[in-house]
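Just below is one structure, and these are the notes that go with it.
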Amino acid sequence: MASSRMYLLVKCMLILQLMVLIAKNSRALICLPCDKSKCEEPKPCTGSVVLGICGCCSVCAKQKNESCGGVYGLYGTCDRGLRCVIRPPLNGGSITQYEVGNCEDENWDDDQLLGFEPCNENLVTGCNIIDGKCECDSVRTCNNPFEFASQEACQTALQKIEEERPDCSKARCEVQFSPRCPEDSILIEGYAPPGECCPLPSRCVCSPAGCLRKVCQPGHLNILVSKSSGKPGECCDLYECKPVFSVDCSTVECPPVKPVQCPADSYETQVRLTADGCCTLPTRCECLPGLCTFPQCSAGMSPQVMSRGDGTPGRCCDVFECVNETKPACTLNGVEYHDGDMFRMDACRFCRCQGGVSVCFTAQCGVLHCERYYVPDGECCPVCEDPIYPVLSLAGCYVNGQILAHGDHWREDDCTFCQCVSGDARCVAAACGHSCLNPVTVPGECCPVCEEPTYITMAPPACGSLDNCTLLEQSCAFGFRLDPSGCRTCACKSREELCGGLMASCTLKCPFGFQTDIHGCDVCQCRPRHKKCKAVACAKDCPFGYIKNKHGCDTCRCKKCPELPCDKACPMGFQHDELGCLICQCRDQSSSSVTPAVKLGSCLSMDGRRHENGQSWHDGCRDCYCHAGREMCALISCPVPPCDNPTIRPGHCCPTCPEESSSHKPELSEASVCLAPGGEYFVEGETWNIDSCTQCTCHSGRVLCETEVCPPLLCHSPIRTQDSCCPHCPDDPVTPQTPSNDSMPSYCRNEDGDIFLAAESWKPNVCSSCVCLDGAISCFSESCPPVNCARPVLRKGQCCPYCLDATPRAVCHFNGKTYMDEERWDIDSCTHCYCLQGQTLCSTVSCPALPCHQPLTVEGSCCPMCPESYAPTNVPIEKTDQRGDKSRHQPAWPTHSENDVMPQFRGEFGSLQMPYLDGKTPLPSEDAGLHWAWVALPVLMMMLTLAALLLVNQRKQWIPVPCYRTPNKSTCLNNQLVYVDCQKGTKVQVDSSQRMLRIADPDSRYSGYYSMQKHNNLQADNFYQTA
C-alpha cells in the first residue's frame, strides 16, 4: 500500500515537472471560461487589486521595483502611478514587448490634470531594420522611434542577425491569424525573433495617437478617473470634466491675457486653466508636427539649404531651394560621362563619375566548383564548361533566330552563358561574390560589385563658364566638343568624334564585324553570322516587321508586337499589355502566377500550353489543331473499362482499370479524307456539328473535334444522358459548405503540399473529382457505362468513351441535281418543291376566276390579275440554300393585292403531294371554285383561335421581313397566323431554338407583323393566304 502511494507521488512530481518545463518553453496561453466562484481571494495586498491575465480573478497589483510584463503579461500589471519599464537590450536589438520589465514611477505632474498640452518635438536621427535592410531617417517627434542611433550600429546588428540566422528550410510553422485591434491600439505583425524560424503571433499594442484628451470649459477641472492598464481596449486614461465647487470665481481678478499670433510653421496651444479653474493661462506657439520634409527637385536641379531651422516657431524647419545642378562631368578615353553615370573601363573594372572624379573599383568573382571553365568574351569572371565527352553528333543549335555550330558559346542574358553540345543548349549561371554589405548592381552586368574606390582616374578639370554660349543641350545631338583639358567648348561634337573613343579598350575579334548603337557607332559586341536568305516577295504591310523562320530568314507573316527596347534587368520577366506584347515594366513576384495576357486567336490547350491560331501539334495521343481560338483534337477509339474506378495512366491514352497491366492502343480515324461518322464527306476547312455536344472541322484530311471542359462531380457513379454533354450526378450531389465556426479547419492539404480552401472542388485527373470538406479531402470516381457500338470514341479531357449518333441524312435527286434534307427550290413561278426525308414534295398554285375581261400577266407572278387591282409592290428575294449560296430574284409567287390567293396544297402535306421521279414539270390544277373557300371559312377561323392560343406559350424572337398590301381577311393554316399592320413596321416572330429560312429583305415602304411557329421549310412556304 505504501509502495503504491510512493509510486503515485513520484508520478505526480514527474507530471508537475513536465508541466513546468512545458510552461517555460511554451508561448501559448490557455484561459478557461470564467467562473468567479472558483477564484481565490487574494492575500492582503500592499496596493490595489487588478484582474489577472485571463481577466477573471483578482490579483495584487505589482509594486515599485517588482517584475511585470512578459509574454501575455504573465509577470503581472503595475499599480496606479507606476508603469512597466522595459530596458533596451545592450546589443542594440529591438524591443518586442515580450520582455520582462520593472515597475517604476510615472512622474505625473500637475499640468497633466489641467488639460492637454503637446510635447516639444525634437529633431531625431536614427535607423530601424525593415525587411532585412537598415532604413535611416530624420524626423521631428516627441519620442525616439528608432532602434539604432547610427547606420553603423544598425549594420552591425543586421550582420549579427544574418550570422545567427538558423536553417529554416525544413521548419514547419503554424498559420498565424492577425487579431482585430481596438481603436486605441495598432496591429504589430508577427516576426521571427533572432535565432528562430517561425514568427511570433501578431499582437495589438497601445497607440498614444489613439488617445484623445478632453478640454473643459472655464470653471471645470480635467480630473483623472481611471488609469490605463496598457492593454488594447484600455490604453487611454479616462478623464472627466468636473466643476470646481470649492472656489468662488466671482471674487477672483484674472490678469489680462495677450492674444498670440503664431507664424505659418506653428500653431497656438490649447487654452489651459489655473489650479482653481477661474482664470486662463497664456498660450504659446509650437511647431506643426510632420511639417519638415525634404524637397523633391526636377531633373537637373538639386536642393540647397538656404537657412537652418532650430525647432522654434518661425524657424521650425530647414529652408531649401532647388538650384541648377552644375556638377562637373568625367572624361575617359575621349568619352564624356555625367555625374552619377557608371561605365566600364575594361572587362574587370567599373567606374562611377562623382563630382568630376572617376571612382573605379574591381569586379569580384565567385568560387567555381568545376574542373573545366572559360572566360566569355568581354566578361571578367569565368563560368563552368561541360566536361569533354565523345561527340555523338555535330548537330548545331537554333538560338534566337540563328544557327550555332557544335561547341559555340553565347550569352543568353546578363547571368546565363550557354554552349552548343551535340545540338543541345547547355547553359550555366555565372558565380558571383562580394565582400561588402551593399553591393551595387551595374546595368547589363550579372554580378553586383562593391563600390570601394581602388584608384582615381583623373581630377575634375578647372573649366571656365559657358554663359555666353548660345548652344543648348538639345542643339548638339552628339554632345559638346572638349578641349585638351577635358572642358566643354561652345561647339558641337560630330559623330566621328563621338564614336572615336568607344572602341579604344575593346579586345574582341569579331569575324562578322561589330554591332552599332543608336548613333551608328561601333560598340564592343560582335555581330552574328550573316544569314543567306532569299528576298521575300510579300505584299503584306507589316509595321513591326516579318516573322523569321528557323534559319533566321524573313517569312511572309507579320509580327504582332514591336521590338522591346528596354535596358531593365527583370528577374521575374516583363509585363504584357492588353494585346499580349511585352512592355518595359518588370513583373512583380506576386503576379508571377497570374495567367499572362493572351494573344488574339491563340488556343490554351488542356495541358496549359499556348498555341497560335492555325498551329498543329500532337499531344501524345491525338492530333490537335488551333482553329479560331479553339482546341480541336481527333477522336480516338477506346474500349470501355469494366471497373467502377477507371483512370488514365501517365503516358497512356485510353482509360484502364487499376488491375490491368497494359493499355489499349487507340485507333485513329482515317487520314486520307474527312469522312464523318455519319457517312458525310467534308472539304478542307469546313466546320459542322457531329452531334449536339461536338463541333468538328476538316483539317489535312483529319476530322478534328472540339470538346467542352466538364466540372467536378461530387458523387460516385455519375451518369450521362442524351440531352447532356457532360456526366452529372443522378441524385443530389454533395453540397460543400464553408465552415460556420472558427474551430473547423478552413483549408485542406494534399500529398503534394497543395492547399485548397474549404468547399473548393477540383479534378486531379479526368476520371475523379475531389472536394475539401471539414479539413479533409473527399474524392469520387467516375465509372463508365457499357456501350452498344463497335467503336466508341473518347473526347480529349473526358474519362469515358461513348457512341456517336451516326444516322446519315437523306438527300433528294431531281432533274440531275442533288438537294439536301429540308431544302426548297422552285421549278417555275407556280411550282415549289421540297426535300423531306429523301422524298421530293411539290406544290402548285391554283389561280381563281377573275371578274375582268382583260387580265394582266405580271412577270414573275403565277396568276393573272385585273388592271385596277395591280399595284407594283414586288420586292427582291434573297434565298439561302443548304450550301450557304445566296441569290436575288423576283418572287416566285404573285404580287400581293386584294385578289391574291393562297397556294392550294393537295395530298398528305397541305392539299397536294406529287412525288416527281421523272423530272417532268407538273401542270397547274384547274379546280378554281370559290365556294370551297366559304365552306372552309368556319373551320379556318377555329384553327386560327387554336393556333393563337398555342403561339402564346412559344418562346419567340422578332426578325424583320418585307411586307405586302394588307389582305381583306386573315386565315390560319398549319398553325401559322398572319397579322399585318403597314403603319408600324414589319416583323416575324419565330422560335429562337431553330433555324429560320430568310425569305425576303425589308422594304421601308410597307410594314406588317407575322407570327408563325417554325418547324421546317415545308411549313415556312405556307406563310399567307387571302380569301
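Quick reminder: no glycine exception, Cβ is built from N, Cα and C everywhere.
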For CYS39, which disulfide partner does Swiss-Prot record out of CYS54, CYS56, CYS57, CYS60? CYS57
Whole-number Å value for how far CYS68 (disulfide bond) lies from CYS54 (disulfide bond) (Cα to Cα): 15
Sequence gap of 6 or more, C-beta under 8 Å: which same-chain residues meet both conditions with respect to ASN65 (N-linked glycosylation site)? ASN102, CYS103, GLU104
Any same-chain residues 6+ apart from CYS78 (disulfide bond) with CB under 8 Å of its CB? Would you list them in sequence order, or say none? ALA61, LYS62, GLN63, GLU66, CYS68, CYS84, CYS103
Considering only Cβ pairs within less than 8 angstroms, which of the stretches 395-451, 463-492, 499-526, 746-804, 810-867 has the most against the domain 'Antistasin-like 3' (533-558)? 395-451
Pairwise Cα distance for CYS34 (disulfide bond)/ASN468 (N-linked glycosylation site) [Å, integer]: 87
Nearest-integer angstrom distance between the alpha carbons (Cα) of CYS31 (disulfide bond) and CYS56 (disulfide bond): 9
Have a look around CYS34 (disulfide bond) and count the other CB atoms within 10 A of its CB, chains all included. 11
Let's check the environment of CYS60 (disulfide bond): how many other CB atoms sit within 10 Å of its CB? 18
Within 10 Å of each Cβ, count the other Cβ atoms and name the one among the disulfide-bonded residues CYS31, CYS39, CYS103 with the highest count. CYS103
